[in-house]
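A.B. asks: Got a structure for you, questions after.
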Amino acid sequence: MSGAALAVVVVVVFLLALYLLQRYGDLRRQQRMVLLGTLLSWYLCFLIVFILPLDVSTTIYKQCILDNANHPAPVTQARHTNQTDSKSSVYPTVSIPKVCEEPWSYIPDGILPVLWRVVYWTSQFLTWLLLPFMQSYARSGSFSRVGKIKTALIENAIYYGTYLLIFISLLVYVAAHPQWQLTWRELQTIGITAANTWGLFLLVLLLGYGLVEIPRSYWLSSSHGYLLAKTYFKVAKMATEKASAEENLADVMEEVAGVHGSVRYNHCLRKCVDTIITKCPTEYQEEMGRNVESSCGEQNALPTKRGLIKLHKKVISAVQRHSQTQVQWSILLDQAFHLEDVAESQSSPVRHFNHSFPSVRHHSWIYRFIFTPTVEWYWECVFRQGFYRLLAVLLCLLSATVVWSECTFFSTHPILSLFAVFVQMAEKQHNYICIEMACFVSILFLCVCVYSTVFRIRVFNYYYLVPHHQTDAYSLQFSGMLFCRLTPPLCLNFLGLIHMDSAISHQDRIQTSYTSIMGSMRVLYFISDGFYIYYPMLVLLLCFATFYSLGSRCLNLLGFHQYITDDHLTSDLVDEGRELIRRERRIKQKAEDGENRRWAWRERYGVQGATGRTRAGYTQLNDNQSSPVTEINNSVIPFTRRDGEEEEQRCLLQDNFSDEGSPNRRSTGGRYLSVSPSRTGIFDDV
């Protein structure tokens, strides 16, 4: 098994990173460099998390061998063996050293140091140099690669200069002490310490939020009433954002239309204008193509190259935001419909889950044979609440363990950190599987608390991770930067919790390969003996603040509405969202009824037969102007219903020849959705 576990972890982690990128990013439309940079940053961070438990078990095995070599087992007293009743012989006991069993996931010497060095420095190069540059490059509105590179360098000049100033300050501090010699190794340690200090500062803030919010969210999610009310709240907020995004897009498109009409086809800036138009939605492109001829006499002021660059950037942002709100709106509607169906199924005596609007996925083989409507009813109405509450209790116990260990991990005599107690108990029994499982569960929970907060936070629509392939390039790269900056200090903090970081525990034992790459933090005593030990205790105060929702209340006072159960504004938004869902349900029900009638029409007459009868009906109307109603009734008289023959015939004709089939139909905003010539007078004879 030597090295096999490492190979399996490498492959599994890559698939995990690829799945998350496919869920949040668009693999077909986004730039390849953006996808590659994000995938590499996520992959390296997840790799550190999954390989660190293997590093811990391998280090414990090496420590066992070293202890046997330096401190052999003492010779015990003589062992008496009675061979006869009268005689006894005394045999000295042979000194047998403690047996060190090789772990199943043992990694040979020389592999982990090289792996950690490559992973760590590649991730640091990505987060501090490449990804910030690629962010500015992706957001730039320039029309050439040289222009994008120039914009990215200018935007990152202040960014790079700030970190250079911090590094020079630390360098001067170290140089002021004559007992320290500035070698290349110590310079590396200073840079690593500065990066880990910045990451630990942000790590504790995110960890304090996640340790409370994740268990509480699962406990509250066990109540369907709470979920439904919160979904109504989200729907009301999303309706406002959706309207704002549509209005912003319309304003930007109006500006693009003005530029499109002012810049002629023989102008030098025409190529830039065409590039901007290609980024616009299709319906706006068609409308601009129709309106350009009618505005030939108007002469607007010609834009400048810098103005077109700004407009290009605005178009990219507006289109992306509009697409995100549309997808999120449809997702929220599906969630609200599902939760209302759950509430209705709970009060129904029939143990069968009914969907108001079955989607395509409900017709898959999983829903037909495994997750049947009966199984879904038992899960949603019986087992789900208990399962979520049990999971919330387990997560709450883990959170309490993390908070206690963060406040007491500096104490080595006695050992107060619960993570260190678990690992050392398994170490005494040479149970490497328990060591790896304890390390993996602990560090995975820490990562879930931190990474889930990264996926949830939203900075004024400037950074926002949206599932269903709707995350823009800037947010993807920003998340990769955060992961690369948070993962190394998180792993060092975990090693401190289990007392395997000598810079914190001050124990004389073999260091893990990961810690050896980080270097000795004792170069900067005020950080290793002060900040790294006492700052994590702040997580206790942050947990109390999150428990009482102090952050949400402050944001609510500033105008950023948050879901707070005892707030009047929240109640108003919940009522507004309920009304919006009722309206959307009526609209969707009408659309589905119309589709069912059209389907029944096709099933009754067939597509070709229905088309032939329809054309025949209108031909007869042309021939006989005096009796149009009689001819129409004759064309559809074979199709009868119970609820009134004339009513259904009229609905069938209206559905079959509604606006959806008209080539010159208008949208709600008054824009044509097709460039085909309008057929005026097609129903004049009717």
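The backbone N, Cα and C atoms fix where each Cβ goes, glycine too.
Sharing the feature lines straight out of TrEMBL:
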- 655-667: compositional bias 'Polar residues' (COMPBIAS)
- 654-686: region 'Disordered' (REGION)
- 6-21: transmembrane segment (TRANSMEM)
- 33-52: transmembrane segment (TRANSMEM)
- 118-137: transmembrane segment (TRANSMEM)
- 157-176: transmembrane segment (TRANSMEM)
- 188-212: transmembrane segment (TRANSMEM)
- 387-404: transmembrane segment (TRANSMEM)
- 433-454: transmembrane segment (TRANSMEM)
- 533-551: transmembrane segment (TRANSMEM)
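Tell me about the surroundings of these features in the structure.
C.D. replies: For the transmembrane segment (6-21), the residues of the chain that approach it from at least six positions outside its boundaries are 27, 35, 38-39, 42-43, 46-47, 50-51, 54, 105, 107, 111, 476, judged by C-beta separation under 8 angstroms.
For the transmembrane segment (118-137), same-chain residues at least 6 beyond its ends with a Cβ under 8 Å from one of its own Cβ atoms are 33-34, 37, 40-41, 44-45, 47-48, 148-149, 151-153, 155-156, 159, 163, 195, 473-474, 477-478, 480-481, 484-485, 487-488, 517-518.
Within its own chain, the transmembrane segment (188-212) is flanked in space by residues 124, 128, 166-167, 170-171, 174, 399, 402-403, 446, 448-450, 452-454, 482, 485-490, 492-493, 518-521, 523-524, 527, 531-532, 535-536, 538-543, 545-547, 551, which lie at least six positions past its ends and keep a Cβ under 8 Å from the stretch.
Within the chain, the transmembrane segment (387-404) has long-range Cβ neighbours (under 8 A, six or more residues past its boundaries) at 207, 211-212, 214-216, 218-219, 221-222, 416-419, 442, 445-446, 449, 539-540, 543.
Long-range contacts of the transmembrane segment (533-551) within its own chain (CB-CB distance under 8 A, at least 6 residues past either end) are made by residues 200-201, 204-205, 207-209, 211-213, 216, 399, 402-403, 406-407, 409-410, 493, 504, 562, 564.
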